[in-house]
């Protein structure tokens, strides 16, 4: 049976918050009977998380839109005592009546994407705009967040689990916290920009930026990546796990080697003068 999935490209998000505004416009002051009560002001069912990596001038800033993951093995469903359920199309919904007064539901979500509505006395979260998807007159056939995005961050699709598994493998898609085994239906492209780190530097030879220097990155004595410096004499090895690495540089016969440690932070070696 076909189910709904979402793919979010971290590399394309510019933190414009159009997705958040679309979500708020759809749900704040709007009650959708059978789906959800109105959203409380200030809640972020589509939350844009931010992370800056590295140091100026070779730093970067990345943004990760984070809705409900609509997990196949959803802890909120398993522990919700009927207040949270999963539809056949994969969408996970909180029953707006059965969830009243059950603030403990928030503790069942390992992703922290559930909110407590003080005004309605009920737990709430992203519904994937199920009320729109169920409406045949809704021509876009996608949630408001995806429809509002002008940067093509979101890909929304309805397909079989088998077809989605093939897409995940072919495109190298990832999920948040895979170790939990919740099997989210929200996947990410370029998630490394938010979860992993890089090592970078600039190479100067006789005071000038050196283009074309050979740079090798090793871990445990084995080469894991290689690159050449660009016009500005810079190189960058990204998507690195925590650990110790060796950077070896050959700039027209001039050599350099250094050991760097990635420990939840990107490393900029500055300008290396050869």
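Cβ atoms here come from the backbone N, Cα and C positions, even for glycine.
Matching 13, 16, 23 to the [4Fe-4S] cluster 2 binding residues that Swiss-Prot gives (126, 129, 145) identifies 23. [4Fe-4S] cluster 3 binds 68, 71, 76 as Swiss-Prot records it, and from the list 19, 109 the residue named for this site is 109. Cβ neighbours within 10 Å of residue 145 ([4Fe-4S] cluster 2 binding site), excluding its own Cβ and spanning all shown chains: 26.
Residue pair residue 109 ([4Fe-4S] cluster 3 binding site) / residue 126 ([4Fe-4S] cluster 2 binding site) shows a Cα separation of 12 Å.
If you take the CA of residue 19 ([4Fe-4S] cluster 1 binding site) and look 10 A around it, the binding-site residues you hit from 71, 129, 145 are 145. Cβ proximity to the [4Fe-4S] cluster 1 site centre (mean Cβ of 13, 16, 19, 149, cutoff 8 Å) flags the following additional same-chain residues: 14, 15, 17, 18, 20, 48, 65, 145, 148, 150, 151, 153, 154. Residues near residue 13 ([4Fe-4S] cluster 1 binding site) in space but far in sequence (CB under 8 A, at least 6 apart, same chain), listed by position: 48, 62, 63, 64, 65, 151, 153.
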